[in-house]
Every structure is written in structure tokens, then in C-alpha cells.
Amino acid sequence: MEETALGLWGVPLAILAGAIRVSTPFIFVSLGETLTERSGRINLGLEGTLVFGAMSAYAVAVLTQSAWLGVLAAMMAGAVFGLLHGFICKFPKVNDIAIGIAMMQFGLGLAFFLGKPFIQPVAPKLPAIPLGNWSSLPQVQAALTINVLFIVGLILTFSIAWMLKNTRVGLILRVVGDSSDAARAMGINPNTVRLLATAAGGALAAIGGAYLSLFYPGSWNERISSGQGLMAVALVIFARWNPKGCMFASLLFGGAGALGPALQSVGVTQGYYLFYAAPYVLTLIILIMTSSPTTRLSGAPEELSLTK
Amino acid sequence: MAAEIDISSVASATRRFTLSRLQEELARRLEPLAITFLAILAGMGLFSLFLLALGKSPLQFVQLVYAGGFGTWFSLQNAFSRAAPLLLTALCVALPARLGLTVIGGEGALALGGLGAAAIAVPMLSVSHGWPLWIAMGIAGSVVGGLWIAFAGALKHYRGVNETISSLLLTYIGIAVMNHLIEGVLRDPASLNKPSTFPLPADGMFGKIWGMDVHWGFAIGIICCVLAWVLIERTTIGFAARVSGGNLRAAQIQGLPVGKLIVGFTFLAGAFAGLAGMIEVAAVQGSANGSIIAGYGYTGILVAFLARHNPLAIIPVSILLGGVAAAGGLIQRRMGLPDATVLVLQGTLFISVLFFETLYGRFKLFNPEMWRKTRAGKDGE
């Protein structure tokens, strides 16, 4: 009865639920990329880091039967990928965008290679908090079952925003991102800062991957990511390198990503693939709207090769 | 007295110039060859360590790649067949790269090109087979693929949208559009488990190159590489493109039509990838279906970077990576390694090649400017 009572209201509810569920990896990857890009470097390889994070989290969770150890393993793996990217980009004449593409392919290949034995086993899931028990509708309850990582992501958003604005670490990051020369004059080595920022970015992106394999959709296979790592990079541009902007953009993308499944749940099956493409189309439209051929993007770190 | 000295020193300088000119040219040409060779060697070394860590023998791996991809006429033909789409998807990366653009959306242009080719074949099949059909399919595939990548190029020029991100997003969109159409209006109702377009009849498929077990797509790919080389290296349009790629502002000040060059080159790039899709349909699959999305677009990126975006160098590199792919099955069976092994090797080689970019201009042997500097120093003494 309740199913029919909800009727078409199920669509916005499912989109809201999806926004919360689907947005979490976007939040982590875009926060990570914000840190990296604020230091003046771009890591396009986060798609590879995300998938490798998903694989390593799932594998460690299967082996240790602890989802949180899986998240920790993913963070470490992601940091190693970031360190590798940061280390290679330190050398002159090396193109950070091209290295990102190579790291993406390397990460995907290595994840598929090492992840083969873990497609079958079942890993423990990350815990979720049921916030919808006040409602008698199962859909509402399902929609408000919120994963701990989503809450961690929200807290992280505000901590990073505060860190960038108010702390010495944030200041150093911004100086390096805006002018290598000014940083050197302050006695800061820009390459070291970028190395650490890329490692931190990789670790965060890998948490996004761990969320994919350990909560939603909650399994490991070679199609676990559908470009979230790449879209998150585009999303950082839209969010103008601002952590809070990343969070709102992630929620928007989560909603767009939930459109297809939500419509399917009320019986709209026509054009499934086109709804599935909605987040990509949305990303592209947003990129077109927010880019400019003549002026630099406002808020962009001056040293960023992406916008030069 | 002073005049005499001047004349003799000028004469000797001219003689030295003509003598060393050949040497200098040779040194310049050898630098990319030597550094790429070193990079591949280093990448293979790293990959060997990876295999050793897994308890597998790198030596056996190399032997199997040789046996499966190059050792016999049979395996070499297999390598040629697999190189066919790579030749074209690598051009999709290399052409825009000469203009300073990093386009990585070849996979989407290939998918839609294959779909366009298969779609135009359906109404034509009742009228004609053979050449008219193939030409129509080729044109349809290239135009669809071309428009797809030209869109990314136009967005870059007119809106300042980063072409790397937009072209990859367009790939996801293109594959979704393809899936939508092959499960919808273009679906052959007879294709139950694997949605496909209506299949080409046997005489509508590409034949084999004379005396070889390799389809004509390989020859088409090589011709396209040669044509692309002529366009870039031997025409004024190619020269204008190289100038724009070297320094965009300078090209604009010179009054070069940068916008037209970007849109034109990205169109051509996408057209090559679309043609690769058409060839996959007309020579391998017989219809457009999910199997044409096999990662050729992504391997093409690696081919183009290994070839340093030189269309002629794309030919041997494509055959090399085609051979590695051809040996994939053998490696899986004999060594018990998963199919992703080739992806790991490709990723390792890719990172290695980009890392070794840093060596350009470091070796005195390959950089005539450095010879002159020391020579000038000695003359000064």
C-alpha cells in the first residue's frame, strides 16, 4: 500500500537519497583534487587512484574482515599513487596532465590485475546510520540511511575550508599554488609541498573508491567506477577550487547520477542509457558555462597548468 | 692583414658548418629514438620486477610476447590485424597534440563512428555491396567521429574548455548514446543476448590483403598515417599547425587562423578514430555492438605518446603494441596471468616514457647547441 501511496513522489525522494549516496565518492575525490590543484598541480589520474582504492579496500576488507582496515589500506595505496605522481612531476619537462593520463591507465590496469581474485568473495560493508526511523515509509527510511563516510566527508569539507583560510599549512599551500617564486622567497620548496598535496589528494580519492566497493554499490568489479574520478576533477573547476563548492557540486552530481535508477524504479525504462549519461552531460554543460576563452578563471591557482 | 685573417676564419667556419651539419641533423634525429628506447627498456625493467615479485619469470614473458606477437608469420599477421585500429586511434591523439592539445577521447569517436557506419549500411544493403557500401560506411564513420572530436576542439577554442576532460566526458556520453541506439531503434531483433545492429552479409565485409591473413583495415591505417605525416610535415597547413602548437600567441600575432586549425585538426583526428570504428564493424565484428569498445582508443593514447606524435613513428609502435596484445592470450594460458597484465605493462611503459621526457636536452651527444657552446668557449681562449 505504502508503495502506491508514495507514487511519483518516489522520484524526488530517490533523487535525494541518491544525491546523498552517490555524492560521497565525488566529495572525497573533489576535496583531494582541490588540495592538489591549490598547490598548483593537476592530477588527472584520480580515476585510476579511485579504482585502485576501491580494489585495495575491498581486498583488505575481505582478508581482514574489517571494512575500516580496508579504508585505511585504500588511503595508503592512494597516497603512494599520489607520491609517485608528485615525484615524477618534480622533474623538468614532464607534463603533469600527460602523467595523470598515464597514472590513470596504470592504476586501472594494476587494480584489474590484482583485483581478479576478489571479484567473488564478499567483504564486510561500512556501517550506516539509520536516520529515517521516525518515518513509517520504507523508502524514506532507506533514503535516510546515511553512511558514516558521508558525514566524515561533510566534516572534512569544512575542516579543509577552514584549514586553507586560517592555518599556516593552508597559507603555504596557497602561496605555492599562486607563485613558485614567492614560495621560494619564503624558503619553501614548492616541489615538496606539491608532492605532499598530491599524496593527500590521492589518499582522499582512494577513500572515495573504498566507499564505492564497501558501501554503494558495495562490490568489487572492473566496472565499479563510471568516471567519477574524472568528473570530480571537472567538478573542482566548477567549484572554483573551493571545498564548500565541491560539496554542493557533489550533491548536485549525485542527484543527476540517481536520475536514471530513480526513474527506473517507477517504471520508466525508456532511454535508460541516456539518463545514465546525465552526469557526464551535466559536467560538460557546467564546464562550458564556467569556462572562458579570454579571461583566467576566477579563483584558479596561478601556477595551475590546466588554466594557463 | 686584418682583412686576410677575417676571410680565412670565415672560410674555415663555413667549411666546419657544412661538415658538421649532417652530424648535427643525425644527432637531433637520434635523440628521440635513443631516449624512447631507454624509456621502453626502463619500463620493461620495472615490469620485470613486478613479475619477479609475483614469482613469474620475466624471461618467459618476453619469450611469449615474441612467440605470440612476432615470432612466426602467423603471429606477426595477428599483430598487424590488432595494430589496424591502433594506427587510427593513435592519429586521433597525435594530430591535436601537434597543435598543443591533449585529446584522449578516441574511444568515443570510435564507438560512434562504428555505429554511424553500421547505421548507414542498413538501408544501403538492399541496393549495393562492395565498394559503394564501404565508401559510404567510411564517410559516415569518419564524419560522425570527426564531428564528435571537433566538438571538443571547438569548445576549447571558443569557450576555453579543457579538451582533455571534455573529450573523455564525450567518450562516456558517446558510449551511452551507442548503447541507447543499439538497444533501441538500431537493434537487430535477432541479436538476443548481445544487442547489435543488423549484421553485414559476408560479401559486405572487408576481405584480406593479398597473400595475407590480415584485413584491409591495416593497409588503410598505414595509408592514413602516411597522409597525416605529409599533411603535418610537408604542407603549409601542417606548418601553420606546428607553429600554433609551439607558440599559440605568436601564431595569433602572425595572423594564422588558429580557430580553424584547431577545429579542422580535431575533426580530422576524430575522423580517423571514427574510421577505426568503421573498420572494426566492416572487417571484424560485422555489426556495431559492445565488442567494438575494446580499449583501442586508450591504447592509441599510449601509441601516440610513444611515437612522440609523429605519424610515421605510429606505424612501428602500433605493430609493437598490437603484437603485445596478440600475445595476451598466450601469456594468460601459459603463465596463468590475468588479461589485465597487458594493461599493467602498458601503464608502466606510459609512465616510463613520460618520465624520460626529462632527459631531452641533457645529453651533449644529441644536442649540437652544446657542442657549439664548448667550441665557442675554446675559440674564446
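Yeah, the Cβs are placed from backbone N, Cα and C, and that goes for glycine too.
Straight from TrEMBL, the features:
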TRANSMEM  B:33-54  transmembrane segment
TRANSMEM  B:108-127  transmembrane segment
TRANSMEM  B:133-155  transmembrane segment
TRANSMEM  B:167-186  transmembrane segment
TRANSMEM  B:214-232  transmembrane segment
TRANSMEM  B:261-284  transmembrane segment
TRANSMEM  B:290-307  transmembrane segment
TRANSMEM  B:312-331  transmembrane segment
TRANSMEM  B:343-363  transmembrane segment
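Within its own chain, the transmembrane segment (B:343-363) has Cβ neighbours under 8 Å at 31, 34-36, 38-40, 42-44, 46-47, 50, 299, 301-302, 305-306, 321, 324, counting only residues six or more beyond its boundaries. Listed stretches B:108-127, B:261-284, B:290-307 were compared with the transmembrane segment (B:133-155); the greatest number of C-beta pairs under 8 angstroms is found for B:261-284.
The transmembrane segment (B:108-127) shares the most Cβ pairs under 8 Å with B:261-284, out of the stretches B:33-54, B:214-232, B:261-284, B:312-331.
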